[in-house]
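Summarising the annotation, Swiss-Prot assigns active site, nucleophile to Asp151. The active site, proton donor annotation in Swiss-Prot covers Asp243. Summarising the annotation, Swiss-Prot assigns substrate binding site to Asp221, Trp222, Gly223, Gln224, Ala225 and lists similarity to another entry as the type of evidence. Under the heading disulfide bond, Swiss-Prot lists Cys41-Cys73, Cys123-Cys153. If you look up Swiss-Prot, you'll see Asn81, Asn158, Asn176, Asn232, Asn378 marked as N-linked glycosylation site. The feature signal peptide is assigned by Swiss-Prot to 1-18, with sequence analysis given as support.
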Amino acid sequence: MLTSLSLTALALLPSANALVRKDGVGRLPALGWNSWNAFGCDVDSTKIMTAANEMVHLGLKDLGYEYVNIDDCWSVKNTRNSTTQRIIPDTQKFPDGISGVADQVHQLGLKIGIYSSAGETTCAGYPASLGYEKVDAEAFAEWGIDYLKYDNCGVPSNWTDQYSSCVPDGSNEPANGTCPGLSNPAPAGYDWTKSNTFTRYTMMRDALLGQTRTILYSLCDWGQADVNTWGNETGNSWRMSGDISANWARIAQIANENTFRMNYVGFWGHPDPDMLEVGNGDLTAAENRAHFALWAIMKSPLIIGTALDGISDANLAVLKNKYLIEFNQDPIIGRSAHPYKWGYNPDWTFDPAHPAEYWSGPSSTLKGTLVLMLNSENSTSTRTAVWKEIPELKGHNAYRVTDAWSGKDLGCVKKQYSASLASHDVAVLVVKEAC
């Protein structure tokens, strides 16, 4: 039986100083595409340029999607340039080098990202950046890179942490968001900025800040070393969990975990629940909608992870939902939506199978309040949004409402709105002026 997590304890969690960059880079959640979920190691310039061209052709660029990110396996394996010590792009995959692809991406009015790791090798065994931070940052800047995803693989034993941190992820069998079986836990009150993980990630931050080119820094340390407490002074997004996979159980686990990280969301800083799986695996249409909607209202980075040249109209429509993107990219209100009621569980319950089901958040771009209702159950069920329960809507009994999926004006809705939802589906409402 799951118990409840204390709201008081959450309120006492510290906030971090934000890493403010030039030209607003990193102020809002990043929007873009990444090669890994679609292609893994099978990446090359053709696939990157196909994605870039499709982002323009499909109208994604017009909605704010701008980063085209190369993930792991882009370089020659097992060696660096003996003269410059730089990582060597694989010319079989990238005949014009990374800079050549960057030029083509920039010509489309888009930005380009690259991948490395805070270890000696990447997750796929390619050269990584630990000990070469300045060399690699200089190369990335020279090549025209705009975004760095920095992973946590290949860490040698002398760079591992003294203590283990609690990441209440799926495989850890978390008890109410804690890790009772954790080996070698840190003592209470331990300052994780003293950890080797913090040092490894700040070394690359400082190397990037030393370049004249502004490169968005996306930390991928899988939630380790209590990164939520220092991620925002180090980068503009930070992974708060282990990797995602294209199945509902994993998506629900990460959504549940990230629910308890919303106090860390704000301008310049965004907990990252990993790249999108919309269009991948055996996700149902309902699950694709719920996945994207939850990531968007949490003000997470929205990094597409599917092959865009074969995407279905239905999945493309999900990724292009203007209401959710406008909420995610609000230039005036930095906070995310928050759960106002858990629904399936008592409030503040940590349940990897049943995340909080009722969410709301104010939006300057939508000129109203976004309301989300999730059916986390395995069968069709009704969810009801009661206006007086929603913090932003307690002043009146009736409001004008728009269905964010269909765009339909639902008219003046009195007291509450009910929706019959298929398993793992969501209703998303834009609630505007009183009527």
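Note: Cβ is positioned from N, Cα and C throughout, glycine not excepted.
Shown on the structure are the features that Swiss-Prot records.
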residue: Cys73; record: disulfide bond; Cβ within 10 Å: 22
residue: Asn81; record: N-linked glycosylation site; Cβ within 10 Å: 12
residue: Asp151; record: active site, nucleophile; Cβ within 10 Å: 23
residue: Asn158; record: N-linked glycosylation site; Cβ within 10 Å: 6
residue: Asn176; record: N-linked glycosylation site; Cβ within 10 Å: 15
residue: Gly223; record: substrate binding site; Cβ within 10 Å: 27
residue: Gln224; record: substrate binding site; Cβ within 10 Å: 18
residue: Ala225; record: substrate binding site; Cβ within 10 Å: 28
residue: Asp243; record: active site, proton donor; Cβ within 10 Å: 15
residue: Asn378; record: N-linked glycosylation site; Cβ within 10 Å: 10
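Within 10 Å of Asp221 (substrate binding site), counting CA to CA, the recorded positions Asn81, Asp151, Cys153 contribute Asp151, Cys153. The residues near the substrate site, meaning same-chain residues not in Asp221, Trp222, Gly223, Gln224, Ala225 whose C-beta sits within 8 angstroms of the mean position of the site's C-beta atoms, are Asn152, Ser165, Val167, Thr197, Val227, Arg239, in sequence order.
For the pair formed by Gln224 (substrate binding site) and Asp151 (active site, nucleophile), distance between Cα atoms is given as 11 Å, rounded to the nearest Å.
Asn232 (N-linked glycosylation site) and Gly223 (substrate binding site) have their C-alpha atoms 13 Å apart, to the nearest angstrom. Remark: Trp222 (substrate binding site) has Asn152, Val167, Arg239, Ser241, Gly242, Asp243 as non-local neighbours, by Cβ distance under 8 Å and separation of at least 6 in sequence.
Annotation for the disulfide-bonded residues Cys41, Cys123, Cys153: lowest Cβ count within 10 Å of the residue's own Cβ, Cys41. Nearest Cα neighbour of Asn176 (N-linked glycosylation site) among the listed recorded positions (Asp151, Gly223, Ala225): Gly223.
The two recorded residues, Asn378 (N-linked glycosylation site) and Asn158 (N-linked glycosylation site), show a Cα separation of 46 Å.
Classification of Asp151 (active site, nucleophile) by DSSP places it within a strand. Each residue contributes its Cα atom, and for Gly223 (substrate binding site) and the residue listed as 'active site, nucleophile' those atoms are 11 Å apart. Annotation note: Trp222 (substrate binding site) sits in a coil segment as assigned by DSSP.
Nearest in space to Cys123 (disulfide bond), taking C-alpha to C-alpha distance over the recorded positions Cys73, Asn81, Asn158, Ala225, is Cys73. Taking the Cα of Ala225 (substrate binding site) as the reference point, the closest of the recorded positions Cys73, Asn81, Asn158 is Asn158.
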